[in-house]
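Written below as structure tokens is the structure these notes are about.
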Amino acid sequence: MEGLKSSFLNTTPLNCQSSKYPYPLQLSSSSTINIISCSVSPDPWSLSDGNKPKPKSKHPKNPLSDDNARRIIKAKALYLSALRRNQGSQALTPRWIKRSPEQMIQYLEDDRNGHLYGRHVVAAIQRVRSLSGLPDGSYDMRKVMASFVTKLTFREMCTVLKEQRNWRQARDFFAWMKLQFSYRPSVIVYTLMLRTYGQTGKIKLAEETFLEMLEAGCEPDEVACGTMLCAYAKWGRHKAMLSFYSAVQQRGIMLSVSVYNFMLSSLQKKSFHQNVIEIWRHMVVSGVVPNHFTYTVVISSLVKSGLTDEAFKTFEEMKSMGLVPEEVTYNHLITVSCKKGIQDEAIKLYQEMREQRIVPSNFTCASLLSLYYRNGNYSQALSLFSEMERYKVVVDQVIYGLLIRIYGKLGLYEDAMATFEEIDRLGLLSDDKTYISMAQVHLSAGNCEKALDVMKEMKSKSLSFSRYAYNVLLRCYVMKEDTQAAELTFQALSETGFPDCSSCTDLLTLYMKLELTEKAKELIIQIRENKVKFDKVLLKMVMKVYCKENMSSDAERTIHELSRNGLFEEDDNFIQTILMGIHGDFTRLKEAAADPLAFELLITLHMAPETANKMEKTLKLLLNTSNGLLVANQLVVNFMKEGLTSRAESLFDLLLKLGCKLEISTLSSMIYLYGKQNHVELAKKAFEAVADGSSEQKQLYSCMIDVFAKSDKVDEAYMFYIEEDKKGHDVGAVAISMLVYALSNHGKHRDAGNVIKNCFYKNMELDTVAYNSFIKAMLDAGRLNFAVNIYERMLTNGVAPSIQTFNTMITVHGRNRNLDKAIEMLNTARIKGVALDEKAYTNLIFYVGKAGKIDEASILFNQMQEEGIKPGQVSYNIMMNAYANKGLHKEAAQLFNEMQRNSSPPDSYTYLALIRAYAAGEKYKEAEEAISSMKKQEGIPPTCAHYNILLSAYAKTGLLEETERVYELLIGAGLTPDVGCYQTMLRFYLDYGHVEKGVSLFERISARGGAKSDRFIMSAAVYLYRAAGLVMKAEGVLSCMNSLGIPFLKIRVAG
């Protein structure tokens, strides 16, 4: 930039276009664009070639001035481009140009007909380009171009200069060019040199050239200035670029939008977002119309600068101009909306994005998933993940980590583990946050061992442990009750600063659980010395230590100390309640100050048998407060949540003793507790504690039904329902659904049917879950027509079916052999907008395939995949069984290979279907290879069922050696033949007259005890003995069958 210390940067031009280019611009104080002050005022100037003005010619069209040269060059290029594009029958034809005879002779000599340049121009270009392989200074351009002296016009020399790719040859040619008689200084030729230098990064040479242009009297136009700015931008000379841009703005030169885009993009790449915004505001004031790229860059910088409102305003302006935003623009706005927790705006942007058919990137999806996770919208998060799979959005480790957390929150621990394993298999497991998320899922599931395994695996990968990782590791050891490991982890965490209140609470919890009171006291001292900021949970644990040990004075002293140190306010409700409770004075306790947590600790303080009177007194004092009963109810629930069931029962009994009216939530918790302990009578007692009518009892019916079901006393549950029904009490749809489900699972189908009929008779208001339970119960009972009637009643009453309803109805119609109705169910679900799942398709494919309609089953299977539903192991097995039933071994094998490609591992049933398909298609060798590959490739041990398929296939062919060979393979595999294999071999020996072998086999079977009680084996033995002439043995088998009550089976004997 030092080379441009000239009048161009240090002078102020005349304000000749003030109305169109208002200046100076009002920039913010943070702008880095420096407007350099002016000291000298030059003569008026205009966008000319820098030459002195000439008098008007009588013939202004001939010759053309350099002012029009740039226009002619562009127009000619567009014209030739149009010619090249429109070749053919409708090609543009050149218009006739009037030339003088001398011009025509020159035109023919130059061989310009149909060519862009003349022959001499092309030769000059090639001559200069050939010098690029020579060292700098090894040639003399005057000698090289000696043959072209006086042959090249100024315009042709500009053409030669423009076609150069090497800056050295361009520099030398330009020096030669200035020595020619036809040369005259022009902004065009200098712009060409600026472009060449700018493209090759020779910024200093470009600045010298620009200075030379000014000294030559050529005033720079918007193209020259834009070329210089682009050169600065391309090579990251942002300070020089901004200074030069200030000078351009002072002179009122309007730059093109492409130059602005170049500058904005270069500044944004270096995160100079404030400069981007300032130039953008200059651009808007100057009246330059932004394009799609401009808006994309500016919105990104506005978002990253925290100017969210202005970013959205610019976004709306962009759309109003008819420009469709790119994915990256939507991503920035969605991300900032997610960070601010504006879910509605983020979802609106995402829906708008999908309407534009823009496929979201993984960054956009990660932002939305994070927002859904924070707001607890887990169903929407899983729906978004399914949409990502459908649109084949690349899932990265961040998204997988969020998915693991969501599965953990929903309790889908198996899905979380499967996702974690998939990340590992894809080689994406490299972030400590993913390991920590998986460990937390295991902790939520109560599996501390698996959580520790995950943390150990993380350590083995040499990933550094953060404080958060140590916190999770500490929780693992606390749950495992490993005191030594927990203390070591706590110590390691202390090396980076004393642990926070959460970690202290975890370790205190462990000490209290293991009754390590002394260690708990020592930890409390450390916590107080390090002035850890207490939260209510930590204060509760500290108070628990003192209350359990009946150390009321220590509790009071600790509270006063916390108040003095400013860690808790003295007027805190919790502290006031604790202090008043310790002194036994609740008279000054305000209504809002009845803190449940404090009373829980006070009751804990007096929970010991020797202080039972104090506990009752404390409870009475609590009940005398306005919200005392509500607090007491909450205490029972809290004890239940913490697993302190004995304390919950003691407090519950005391409340009943005092004649308190308990909350429904409290009664529900106690009934569930008694049900878990199989204390049905206590649950009944708690149920009867409700003082008034059925309006309150209705919420407890489901609790009682659950207690009876968990205790396997469904008959009592049924009688309980009958008694309440006789009293005229409405037990509710939830309890009814639970009762029908329990009765059906225990085979009480008649009772379940009676309950359903009674509901219909009384026209009870039922929900979708209840109807689903009814249909499923009647399906299990085999009452298919009744199940259909229940579904029709459901529709009549306006209850919307769910996907579970349609799945069950497909099974109902499938078992009823009404495939048209089953298919109609699938189509109805689609029409109603119910999202179809794999189970719906699998059920229908099973019954269609079972009916022998292979083509229809195959179409359904393909349709399921087209809708983005990935087939699972069960779906593949059912489809392969359908192929096996028809002996379509090729299709079955193809499906088997597809299953392996889609990372769905085959199981024993998969191989069973494949072997059946090969056997039905008489591909015995392939069937035998499939059995062999089960254990070798998949580690699945073959069973007798696998061998029996091949055994039956060979037996039907009558090949004795092959049949017996397979039988020996079965035994050689370490398997004991089952009844099916014995039946197959005996049938084979009977059909083909191998009597002696059949008798020998039966006697071996009898010796192993495998022939008893099987009708076919014993009947076959009778035939074999008779055929062998062993009548006495045949009669002996018959006598044995008669004694066992087994009827004789007539079997066709060979011959």
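Glycine too: its Cβ is placed from the backbone N, Cα and C atoms.
Residues annotated as domain 'PROP1-like PPR' in TrEMBL: 239-377.
According to TrEMBL, the feature region 'Disordered' maps to 46-67.
Under the heading repeat 'PPR', TrEMBL lists 186-220 (among others).
Taken through DSSP, the repeat 'PPR' (256-290) splits into 27 helix, 0 strand, 8 coil. Feature annotation from TrEMBL assigns repeat 'PPR' to 256-290 (among others).
Feature annotation from TrEMBL assigns repeat 'PPR' to 291-325 (among others). Per-residue confidence over the repeat 'PPR' (291-325) averages out at a pLDDT of 82.
DSSP assignment over the repeat 'PPR' (326-360) gives 26 helix, 0 strand, 9 coil. The repeat 'PPR' annotation in TrEMBL covers 326-360 (among others).
Among the features that TrEMBL reports, repeat 'PPR' is placed at 396-430 (among others). With a cut-off of 8 Å between Cβ atoms, the residues of this chain six or more beyond the repeat 'PPR' (396-430) that come close are 362, 365-366, 369-370, 372-373, 376, 378, 381-382, 385, 388, 437-438, 440-442, 444-445, 447, 454, 461, 463.
Annotation comment: TrEMBL describes 431-465 (among others) as repeat 'PPR'. Taking Cβ pairs closer than 8 Å, the repeat 'PPR' (431-465) reaches residues 397-398, 400-401, 404-405, 407-409, 411, 413, 416-417, 420, 423, 472-473, 475-477, 479-480, 492 in its own chain, all 6 or more past its ends.
Positions annotated as repeat 'PPR' by TrEMBL: 767-801 (among others).
The repeat 'PPR' feature in TrEMBL is assigned to 802-836 (among others).
A Cβ distance under 8 Å defines the sequence-distant neighbours of the repeat 'PPR' (837-871), meaning residues of its chain 6+ beyond its ends; these are 386, 389-390, 803, 806-807, 810-811, 813-815, 817, 819, 822-823, 826, 829, 878-879, 881-883, 885-886, 888, 891, 899, 902, 904. Marked as repeat 'PPR' by TrEMBL: 837-871 (among others).
Tertiary proximity for the repeat 'PPR' (872-906) is limited to same-chain residues at least six positions away from its ends with a CB under 8 Å from its CB atoms, namely 838, 841-842, 845-846, 848-850, 852, 854, 857-858, 861, 864, 913-914, 916-918, 920-921, 923, 926, 938, 940. If you look up TrEMBL, you'll see 872-906 (among others) marked as repeat 'PPR'.
According to TrEMBL, the repeat 'PPR' annotation covers 907-941 (among others). When the repeat 'PPR' (907-941) is classified with DSSP, helix, strand and coil residues number 28 helix, 0 strand, 7 coil.
Sequence-distant contacts of the repeat 'PPR' (943-977) (same chain, six or more residues past either end, CB-CB distance under 8 Å): 908, 911-912, 915-916, 919-920, 922, 924, 927-928, 931, 934, 984-985, 987-988, 991-992, 994, 1008, 1010. Among the features that TrEMBL reports, repeat 'PPR' is placed at 943-977 (among others).
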Tally of residues which DSSP labels helix, strand or coil - the repeat 'PPR' (291-325): 26 helix, 0 strand, 9 coil
Cβ-Cβ under 8 Å with the repeat 'PPR' (767-801): same-chain residues at least 6 beyond its ends: 733-734, 736-738, 740-741, 743-744, 749, 752-753, 756, 759-760, 808-809, 811-813, 815-816, 829, 832, 834
Within the repeat 'PPR' (186-220), residues counted as helix, strand or coil by DSSP: 27 helix, 0 strand, 8 coil
